[in-house]
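Asker: Feature list, courtesy of TrEMBL:
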BINDING   PHE48, GLY49, ARG50, TYR68, GLY69, TYR70, ASP120  substrate binding site
BINDING   ASN105, TYR107, HIS117, HIS177, ARG189, THR193, ARG195  2-oxoglutarate binding site
DOMAIN    98-198  domain 'Fe2OG dioxygenase'
Amino acid sequence: MRTRHARDDEPPDSVEHHRGWLPMDEANRLYAVLEQTLPWTRHRLRIFGREIEAPRLSCWIGDPGASYGYSGARFEPVPWPAILGPVRDAVVASTGAHFNSVLANLYRDGDDAMGWHSDDEPELGPRPVIASLSLGATRRFVMKTRQPGPDARCHAFTLDHGSLLVMRGDTQARYRHALPRTARAVGPRINLTFRLVGVSACVEPAERRRGPRA
Ligand SMILES: O=C(O)CCC(=O)C(=O)O
Ligand SMILES: [Fe+2]
């Protein structure tokens, strides 16, 4: 892939992609249970002063008090479903990081997507570890450096059923990421992004530029 702004490079050093991280039968069961039982809703977001409905279904899951705000909206967590307990333990064991919450997204088909953003909300702290588990249909996940110019870089990952993508360190400060729409006929996909909110909260200046996502 080539764009005017950036070459398609090696993945950033601060991102790991573990394909087949969750065994197929566990991934199948997890997908089926979450799709059927989570209280999926369409989040209303504020993008450049306009209120819009996100082009996907979502559910914010977490420990009591782990509330989360992005794109002008704030969400209180629903409790962890029992099936996610062992998955959370396995993500902690794999990454060495701690998590108190998960943003679950359900992309119903290729029209559902997530726009360019960084996961840099102040309650995530300055160098968050974000672990992203993919279930269901395979989709492209793209990253590009926030700064244009000769050092600009971009990279596309193919996220398939059971894969775990881990973003660490300065990934959010240096890169934006997105899950683009696709004209291909694709089935539904669930993505779980494990996060730690509030605990190491570093409150940053209000004027810090943060891109809304849609
Ligand atoms: O669906 C994905 O793989 C990306 C989700 C994402 O970037 C997010 O929830 O912040
Ligand atoms: Fe994200």
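Yeah, the Cβs are placed from backbone N, Cα and C, and that goes for glycine too.
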Asker: Using C-alpha atoms only, work out the spacing between ARG50 (substrate binding site) and HIS117 (2-oxoglutarate binding site) and round it to an integer in Å.
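Answerer: HIS117 (2-oxoglutarate binding site) has its Cα 17 Å from the Cα of ARG50 (substrate binding site).
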Asker: Here are the binding-site residues: PHE48, TYR68, TYR70, TYR107. Which has the lowest count of other Cβ atoms within 10 Å?
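Answerer: Among the binding-site residues PHE48, TYR68, TYR70, TYR107, the sparsest Cβ neighbourhood within 10 Å belongs to PHE48.
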Asker: Run through the domain 'Fe2OG dioxygenase' (98-198) and tell me, per DSSP, how many residues are helix, strand and coil.
Answerer: 7 helix, 48 strand, 46 coil
Asker: Looking only at PHE48, GLY49, ARG50, TYR68, GLY69, TYR70, ASP120, which the record lists for substrate, tell me the maximum pairwise CA distance in angstrom.
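Answerer: Of all Cα pairs among the recorded substrate binders, the widest measures 21 Å.
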Asker: Of ARG50, HIS117, ARG189, ARG195, the binding-site residues given in the record, which has the fewest other CB atoms within 10 A of its CB?
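Answerer: Result for the binding-site residues ARG50, HIS117, ARG189, ARG195: minimum number of other Cβ atoms within 10 Å at ARG50.
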Asker: What whole-number Å value do you get for the CA-CA distance of GLY69 (substrate binding site) and ARG195 (2-oxoglutarate binding site)?
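Answerer: A Cα-Cα distance of 13 Å.
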Asker: Return the average pLDDT for the domain 'Fe2OG dioxygenase' (98-198) as a whole number.
Answerer: 96
